[in-house]
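Copied from TrEMBL, the annotated features are:
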- 1-18: signal peptide (SIGNAL)
- 71-93: transmembrane segment (TRANSMEM)
- 114-134: transmembrane segment (TRANSMEM)
- 140-158: transmembrane segment (TRANSMEM)
- 170-193: transmembrane segment (TRANSMEM)
- 205-227: transmembrane segment (TRANSMEM)
- 248-270: transmembrane segment (TRANSMEM)
- 304-324: transmembrane segment (TRANSMEM)
- 392-413: transmembrane segment (TRANSMEM)
- 425-446: transmembrane segment (TRANSMEM)
- 458-478: transmembrane segment (TRANSMEM)
Amino acid sequence: MRSISLLIALFAASTCSARSLNGPSSPLIPTTSSPLQKRTIFDTSESSITPEISTQVTRGGASPSPASMGLLSILGGFLTHLTLGTIYCWGNLQSYMPPSMKYFASSAGSGTPDSLLIIPLGLLAMCIGMPMSATLQASLGLPGAMMFGSLIVSLAVFSSSFVTTLAPFVLLYSILFGFGIGFAYTAPIVAGWRHYPSKKGLVSGFTLCGFGLGGFVFNLVGTALANPNKLSLDPVTKMFPSEVYDNFPIMLRKLAVIYLVLQTTGAGLLKLTSLPPPAPASKSSATSGKYPTLKSAIFSRPFLFLWTCIVLSSTAGLNTVSVYKMYGNLSPSLKSDAYLAMVGGLGSVANGVGRANWGVAQDKVGFSKLFTVLTVTQSLVMLNYKRTVGNRFLFTSATMVLFLCMGGNFAMAPGACAKLFGPDLGPKVFSVLFSSFATAAVGGSYINKALMGKGFDFIFKVMAIMSFMASGLVKTLGPI
């Protein structure tokens, strides 16, 4: 309980620090009869922000330029997404989980551990929570909604360190964690769009770059905290020495504190940037009035086709993340835990850094053309994946390309929604569209189980065909 109190106290102190940023350089509401009023991270009066804010004078001189504010906003979103993306660390962190906790039974079982449900259930909770983010953004403001979801993530990780059985651990680390991600996910993207309304792809790409890199960065941090002495698995029992398992709850608490520091810094930066008001909808816009409500948008033909495109395309990348190591272990020339772990790390870097580049390219050439390049490239690599297993360089390169394409699906989808449904309705539509990624993840797992008897090469061919189908279907959306 003292540890929980410490975490809450740290959050309160961090919030106060963020409030201290709200000096004269922060969004203020000048009046003629009262002193200038400060706005907090959770202030709901976002509509009171005016363009003149950027010209106010701070204690130390002139306030940041609008360009600087936009960059700070993206940086704040990047830092927050760096922590949200740690849901993908579970594939590594679960190896440090006490064996008795990996199964719903009280003692260690055999076969596939039940702890593998952590990521699928987390993604499901994320999909349920994301549509609720629009309501949070309206009531708490963008920085407030982002901080609210982020706090849930940190509390979920921190509180999960005190349980000793799998069921409550899943409830906290998977489901509560997933809801937190869903609440916080779109707020920094929307904030960035306010600053750069004509560069939605760039904003989405750089912000989501943090989500992609989070798994890579905190895999290293988590391993250093849980296994600082670099102890190896026992060759007979396939278990670590007890001291590694003893470090598991301590690792989670330290990670939670690190997450919270990054999250409050990100929310503070978003608060500091004085968000401009939403741009008025253009009457000449092709989408103006066509989809007046979220319901009309998500039941529209463009949404259905876009949702299907994402499912068909992202299945290949999400499947690669799950099975590349298993597939590599089937080849004598690739069978090395250290080597395959390195491949996964390089793939995560390609996924994260690539998202920014996909976003920039989307602004230049549009979603449809770039998505076609992605899906065709992905299909060709999937068809030839089996030809790379005899050479480590080729296998590494092919795996990185597939990780890169997976990141492209995530990076380009928000901008596509904004183009199709407008900058105001687009984020709400994306919160529903995200279910396509969960569908692809679950569907890919089902395809693996159903077709495993025919081998990985056959599975890869099926996913290559799916990707080719997406490249054709995207043309129905027009030049967006």
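Note that Cβ sites are derived from N, Cα and C of the backbone, with glycine treated the same way.
Taking residue pairs at least 6 apart in sequence, the transmembrane segment (205-227) and the transmembrane segment (392-413) share three or more C-beta contacts under 8 angstroms.
Contact between the transmembrane segment (170-193) and the transmembrane segment (425-446) is present: at least three CB pairs lie under 8 Å, with pairs separated by 6 or more positions in sequence. Two recorded stretches are said to be in contact when at least 3 C-beta pairs lie under 8 angstroms, sequence spacing 6 or more; the transmembrane segment (248-270) and the transmembrane segment (304-324) fall short of this definition. Scored by C-beta pairs under 8 angstroms, the transmembrane segment (304-324) has its highest count with 458-478, from the stretches 71-93, 114-134, 205-227, 458-478.
Scored on C-beta pairs under 8 angstroms, the neighbour of the transmembrane segment (140-158) with the top count among 71-93, 205-227, 458-478 is 71-93.
A Cβ distance under 8 Å defines the sequence-distant neighbours of the transmembrane segment (205-227), meaning residues of its chain 6+ beyond its ends; these are 74, 77-89, 92-93, 96, 188-189, 192, 240, 244, 247-248, 250-251, 254-255, 258, 345, 348-349, 351-360, 362, 407, 410-411, 414.
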